[in-house]
Structures are given as C-alpha cells and as structure tokens.
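Noted in TrEMBL for the protein shown:
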type   : residues : note
DOMAIN : B:1-80   : domain 'GST N-terminal'
DOMAIN : B:85-197 : domain 'GST C-terminal'
There are 2 protein chains.
Amino acid sequence: MKLYDLELSGNCYKVRLFASLIHLDLEIIPVNFLEGEHKAEPLLTLNPFGELPIFIDGEIILRDSQSILIYLAGKYAGEAWWPTTPHLQAEVAQWLFTAANEIQHGPCSARLVDLFNYSLDKNLALAKSTKVLTIINQHLEHREWLATKRPTIADIAVFPYIALAHEGGIDMSDYTNINRWMNSIKALDGFLAMPGI
Amino acid sequence: MKLYDLELSGNCYKVRLFASLIHLDLEIIPVNFLEGEHKAEPLLTLNPFGELPIFIDGEIILRDSQSILIYLAGKYAGEAWWPTTPHLQAEVAQWLFTAANEIQHGPCSARLVDLFNYSLDKNLALAKSTKVLTIINQHLEHREWLATKRPTIADIAVFPYIALAHEGGIDMSDYTNINRWMNSIKALDGFLAMPGI
C-alpha cells in the first residue's frame, strides 16, 4: 500500500495516523508540494483534483482522505472503527462529512492562511472555526468519543485539523471537552504524531 | 420516518429523491426557513449546525444529507446503492465527499448568492464550479454512472446542485457528459423533480 504524502498535511496525516493505530504498513511517498508535483502528471491522473493524499492498494486508487479511512477500516480494521449497522455507520459518517466540510473550511483554512500564505478569507475561516468547535465541544460534554462508545474513524478524521488549529491562530484553551478528547486520542495504542501535534 | 424539509434546498431534495427511488414513504415536515425555524428550538437541538435537512427514524436523528443517504441505503435499499465491499464503498464515498465539499462550495454556493442573496464570494464559487464540473465531465467520458456500473447514492448526492447550477448563473451546455448523466438520472424509475429541475 502506497501513500503519496505531504508531511505537513493534516489530510495525509489522518491516513498515516489510522494506519498506525491499526498496525498497517504504508509505503510513504513524499510529494514535492512546493514544486506542484501533485498538480502535474503522473499524480494528476491518479487524482484529477490535484490534491493529496493519494492512496494505492494494488489496482485500487483513492483520492479523498475520509474515503481512504472508510476503505482501510472496512478492509483491514473491521466493525469497531467503521460500524456496518446502518444507524451507527451514519453517526460516524456525519463526522466524516463535518471533517470534509466544516473542519476543512474552518480550522484547516485558517492554518492554510497563516502557515502557507493561502489566499483565503481568514475571518470567514475563524468564524466557521468558532461555530464548529463550539458545537463539537458541546457534543463532547457527556461523550468520550464523537460517534460511538469507542474511537472510530470519525475521531481520526476530525482530530488532525483541530489539533493543528493553534497554527491558524485559534486559541483552544476554552474548549475543555475537546482538549480532553484530544488527549484520549493521543493516548491510543499506536498513536502517531506529526509536526505541530 | 420524518424529514424536516425545505422544498428549495438541494440537500433536502437529495433525500426526497432517494426515498422516492427506493419507494420509501417519508413524512415531509416543511420548515419555515425565512423565519429561521431551523436556527431555533426545537430544531436546533436536533441539529446544532442549524441546517436542513433533519431526518428522524424512531430514535435515530441524522443531520447531514449524505449521511442520511448512507443510512437509508444501508437500512432500506441494500447493497446496490451503497456497496459493502470496501473498495466499491470507498469509490462511492469519494463522490459523497465531493458533494459535501466541492459541490457545496461550488455550484451550490453560486446558487445561494443568486437565489437567496447569501453573502458569499460568487467568483470563488464560480471558479470552484468550473473545476469540479470539468473533472466530473471528464470522469463521465467513458462511464455511465459516477462510481460503479449502476446508479448509487454517489449519483444521488452529486446530482441536485449540478442540476440546479443554472440558477447560480452557470452555463452547463458544454458539459455534454454531465448532461447525458443527468438525463440518465431523470430516466430512473421513481425519479422525483423539484423546482428548478
């Protein structure tokens, strides 16, 4: 299994983190992001969106970090991380979509501005961050994990850009339930760090 | 099964459309969007994000249109619309995340500006629309459906805001593969329309 990877990308990191948690070996292929290797061939054929990560397992090519988590959990980790019962699966899925939308356009975008000089609306990203972080902090008031009674790929998908939010200038100190939840993730057997976390 | 619904929302429509395709009865509860009923109690407790649709099936409350499709397909429609094989499921999932992110912030946002006077960056929405529509049009060059050899919830999730893109001032005439694909969806047994489609 190969992962076309950028070390500083939270989306790439969520795949590395989950692989580490389920004790799966990935061949990491670093991509020269600054030179736009991901926006040129041959990578552009593997992912026409011109983004990372890109994941390859034999004939299977996947382009989206949440979808890669779904694949790895379903194929190599089983029921616990990605339930097959429809209502539990949908509970987990809700947070995968929150990662792909509200987290991506909130804390992730704020960090892209501060760390990589992306031309995005920082104030909009901060407003979206406050909204989604407040909701998640409230959601975790009486819960240890986001979706079920144990960690799932929902937690893995949402964690990276919240743990990196301080790099976008977001003060996390008041989100006490989120901080407790982040510590629970960091305490998981097989946890893997990245720069900034 | 209840759906808190807004007739003009493509996200609500994708749930109504899929329920119709699998011959499932939904109790439709119209929400007074203009008066912000979705941003007030009791709906705000059902969905803290203050958005529609909200779906209820007995004890189960779901807040995200893609997750509702996953639930309905897994519980009531079976394998064909939402495969259980990991790599096929991940193929479908990729397009669900495209619907939640690139479509939402592309053609959906352009329409929100034109139709509902949302204060969003229209030029950014149009640029994102061009990118995602070009990729999807190319993807459909030799494919009838987005993810597998038959329609899946990927097609249902991506369809609404592309079919409504003209309401955001997007000229769809050059996307010939997308137009063929939209006609295939409209020809499905049980297809349901909405205003603008």
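Counting begins at 1 with the first residue displayed.
Cβ coordinates are placed from backbone N, Cα and C, and glycine is handled just like the others.
According to DSSP, the secondary structure content of the domain 'GST C-terminal' (B:85-197) in residues is 75 helix, 0 strand, 38 coil. Looking only at the domain 'GST C-terminal' (B:85-197), the predicted model's pLDDT averages out at 97.
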